[in-house]
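Residues annotated as compositional bias 'Polar residues' in TrEMBL: 177-196. Look at TrEMBL and you will find 3-73 tagged as domain 'Sm'. Annotation comment: TrEMBL describes 81-175 as domain 'AD'. Residues or ranges marked as region 'Disordered' in TrEMBL: 172-196.
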Amino acid sequence: MAAPGPGEYFSVGSHVSCLTCLGQRLQGEVVAFDYQSKMLTLKCASSSGKPNLNDVILINLAYVSDVDIINDHTETPPPLASLNVSKLANRARSEKEDKLSQAYAISAGVSVEGQQLFQTIHKTIKDCKWQEKNIIVMDDVVISPPYQAENCKGKEGSALSHVRKIVEKHFRDVESQKSMQRSQAQQTQKDSTLSS
C-alpha cells in the first residue's frame, strides 16, 4: 500500500514499516498522521544508540512504495501532556533577544572575534549585552575592542576577575583550536607529498 485510501488512517500507537522510493526501510511507532498532507510521523529507536532517546521521522507517503502495519493499536491514545505556555513564551522571547543582539553586533561592525567572545561569555553569564562595540557584563564589566583580558574594565572584584578568566580561557581555547588545525593541515600536506 503506497498511501492510505479515502477514509483510511494510521492509529496513534500502531507500529508500521515503510519502504521509501529510495529503498530505505523505516520502522517505528505512529505518533501522528495527517490525512490531508499524507504525512506520517514515526518514533523510532535512536540512531545514536542511546536507549533513553528516540528519533522522530516525518514521512511523506507520496514517496513511500510500501507500508506494512506490524501491530495495529486500536485503543484511544493517552491525552497529550499540557504545555507550559508562559515558559515557552519566555524561551521564545529570550531566543529573539539573543538573535537581535547578534544582529546588532553584526550591524555595528563588531569583529568576528568579538562576536565569538560574546557568545562564550553569554553561555556562562546571561546578563551581557552590547553597547556600541563594547560588551557589557552584569552592568559591572566593560570589554572593549580588541576584546582581550587587558581590555576588561570595571570595579576590581570577583565579577571583573571572573570575566577576565572567561576571556583568557576563550582565547586559549581559540588558539589551541587554531594550532590543532594547523598541525592537521601540515600532516595532510605531508601525507599528500609522500603519496606523490
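Every residue gets a Cβ built from N, Cα and C, even glycine.
Just so it is clear, the model here is predicted, and its values are computed rather than measured.
DSSP labels the residues of the domain 'Sm' (3-73) in these numbers: 3 helix, 38 strand, 30 coil. Per-residue confidence over the domain 'Sm' (3-73) averages 87 (mean pLDDT, predicted model).
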